[in-house]
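S.K.: Feature annotation from TrEMBL assigns transmembrane segment to 15-36, 48-64, 99-117, 124-143, 155-176.
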Amino acid sequence: MAPLPDGFSYAEWNATYNALSFGIAAMGSATIFFWLQLPNVTKNYRTALTITGIVTLIATYHYIRIFNSWSEAFTVASKDGGDYTVQLTGAPFNDGYRYVDWLLTVPLLLIELILVMKLPQAETVSLSWKLGLASALMVALGYPGEIQEDLAVRWFWWCLSMIPFCYVVFTLLWAWPRPQANSRLRLQPALHLLRDT
């Protein structure tokens, strides 16, 4: 949990409050939409769409937790004239929810990407495990750097977290896929889009 600096203006606090509220509404409604669309999607893509809904549901939960932590960390008081001031309550703001969210959702998003590529099952399972674990390791290594005060220690953890990140990027863009020529042609547009993104 990170100590928040004092001196937030009401406008800054309110913008963050409203952005978090918007995120909760967007992710929650997206979850409902994705799952309601399952019967309308080709059977081959239903698992991927189910995972999409799980990702947005996890994000909804963590946005609610972040929203609550944000609300509890501040008190809003009005002055005589209608202006508002924002003061810290002393309750810590828990920014760790972001990392817990990413620890769950980033591997799921990579697995979803692999599923929509419609690779052979053995390759799908292998890539899902490799990239899922690498992305979880990337997030787990990033968090210790996030909570450090010492800049040198932050850079150390950043460098460590970049190792699995580079592995994921390298695997997606260059080491994989190695399918047969005819299936490679089918994947070519998707691979170009992935590389250009």
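The backbone N, Cα and C atoms fix where each Cβ goes, glycine too.
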S.K.: Take the C-beta pairs under 8 A between the transmembrane segment (99-117) and each of 15-36, 48-64, 124-143. Which stretch has the highest count?
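M.R.: Highest pair count goes to 124-143.
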S.K.: So if I exclude everything within five residues of the ends of the transmembrane segment (124-143), which remaining residues of that chain have a CB under 8 angstroms from its CBs? That is, six or more out.
M.R.: 96, 99, 102-103, 106-108, 110-111, 114-115, 117, 157-158, 160-165, 167-168, 171-172, 176
S.K.: Please indicate, using numbers and ranges, the residues of the same chain that are 6 or more beyond the transmembrane segment (15-36) and have a C-beta under 8 Å from a C-beta there.
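M.R.: Apart from its flanks, the transmembrane segment (15-36) reaches 49-50, 52-53, 56-57, 59-60, 63-64, 66-67, 70-71.
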